[in-house]
Amino acid sequence: MEKGRISVGQVTVLIIFCTMGDMILIIPSICTHIAKQDAWISTLLSIPAGMALVWLLLRVHELYPSLTLIEAIRKILGKWLAPVVSIWYLFYFLMSDAIYIREFGDFYTTQTYVQTPLRILMLLAILMLVFAFFTGIEALARASELCFPFFVIVTITVVACLIPEIDFSKVKPIMENGVLPTIHGTLLGVSYPFGELVVFLMLFPYVKHSAHFKRSILLGSLIGGILLSLFVIMSLFVLGPFLTESSVYPSYMLTAKINVFNFFQRMEAFIAAIWGLSLFFKSFLYFYAFILGTAQTFRLKDYRPLSMPAAMLIYGLSMMVAPNIIYYFDTLVPFWVDWDLTNSVIIPLSLWGIYTIRQKRKQSK
């Protein structure tokens, strides 16, 4: 159905963008709300745990390397149970993409384009997704490669310029609230950035064969996790736990602290740009996965005609998903971790287990 092919290097860059995604601006606040001043420990612990999760996803992909997640589910679960699980994943892709579009609109209407109506910005975001969809997955992968150097330069520059502002006393006392909040924060740090990489199970079959495939995927996840941890660490060490927790976008607020010789300062526009870039690539992957998965679930010959109906559906859901940004953070975010872990850990583990049991039964016969 999909004829496009992308290289291992391109999918590695996409994994970095997807790991960062919307999390650049919001995960410092989410983790600090749970783990307080120990959120930096939670994010560091989440990196090895997240790598283990990515390894699990790779193992599931290796069951049927030439099939997408939806096609593999049909092979493993059969014709009766497979449609139920497939539709579950389609709903996950759909709702996730609607939330990403809403995050895009909420951020830019509250921070940069305050006079622009929310629905207009979200409509522009949806139109960009549709345009990118028609250009194809190969074109998007090349675009990610072109944007990646700018992304890295801005990230390194922001972190380097904030080093003089670091105050280690802001994260003391360590473990004041015990171990449980830190573990809870680690769970959040694993489920949001790493758990949402499950969408790549819809993309891996279209990656050109390479002996370094698995290593590149793990490397991309590691780089994304480290960069994301840097934003959490800098937010805590520069702003402190109170400001990090109470701010909706602490990473954006963080860049306002940059002041090098009263000349190099006010870098908020750059952080807004790299956030918009990473969120665009992440939302496209979920948009693509939803459309391709829908076509495969219902055995359609061509998935491209679904792009406009899917775009309208996502646009409508993005308007309905939350009345405002406060409701989104207080109500949706705390419970989303359960959904992410279900789709990235529990179901993949179940698929792997069912496949293994069936293979052993075949061998015994």
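Cβ atoms here come from the backbone N, Cα and C positions, even for glycine.
The feature transmembrane segment is assigned by TrEMBL to 12-35 (among others).
Summarising the annotation, TrEMBL assigns transmembrane segment to 41-60 (among others).
The feature transmembrane segment is assigned by TrEMBL to 80-100 (among others).
According to TrEMBL, the transmembrane segment annotation covers 120-141 (among others).
Under the heading transmembrane segment, TrEMBL lists 148-166 (among others).
Residues or ranges marked as transmembrane segment by TrEMBL: 186-207 (among others). Counting residues 6+ beyond its ends, the transmembrane segment (186-207) has Cβ neighbours under 8 Å at 2, 4-8, 11, 14-15, 18-21, 23, 27, 30-31, 34-35, 42-43, 45-46, 49-51, 53-54, 57, 60-61, 65-70, 72, 93, 96, 137, 213, 217, 221, 224-225, 228, 282, 285-286, 288-289, 292-293, 336-337, 340-341, 343-345, 348 in the same chain.
Residues or ranges marked as transmembrane segment in TrEMBL: 219-243 (among others). Sequence-distant contacts of the transmembrane segment (219-243) (same chain, six or more residues past either end, CB-CB distance under 8 Å): 11-20, 23-24, 27-28, 31-32, 36-37, 39-40, 43-44, 46-47, 50-51, 54, 155, 158-159, 162, 165-168, 170-171, 193-194, 197, 250-251, 253-254, 257.
Among residues of the same chain six or more beyond the transmembrane segment (269-289), those with a C-beta under 8 A of the stretch's C-beta atoms are 14, 17-18, 20-22, 24-25, 93, 96-97, 100-101, 103-104, 107-108, 111-112, 125, 128-129, 132-133, 137, 140, 144, 147, 150-151, 154-155, 157-158, 196, 199-200, 202-203, 251-252, 254-255, 310-311, 314. Taken from TrEMBL, the feature transmembrane segment applies to 269-289 (among others).
Positions annotated as transmembrane segment by TrEMBL: 310-329 (among others). Only residues 6 or more beyond the boundaries of the transmembrane segment (310-329), in the same chain, are considered here, and those with a CB under 8 A from a CB of the stretch are 26, 29-30, 94-95, 97-99, 101-103, 105-106, 110, 119, 122-123, 126-127, 129-130, 248, 287, 290-291, 294.
As annotated by TrEMBL, transmembrane segment applies to 341-357 (among others).
Listed by sequence, the residues of this chain that lie at least six past the ends of the transmembrane segment (148-166) yet keep a Cβ under 8 A from its Cβ atoms are 13, 16-17, 227, 230, 234, 237-238, 254-255, 257-258, 260, 264, 267, 270-271, 273-274, 277-278.
When the stretches 41-60, 80-100, 120-141 are ranked by Cβ pairs under 8 Å to the transmembrane segment (341-357), first place goes to 41-60.
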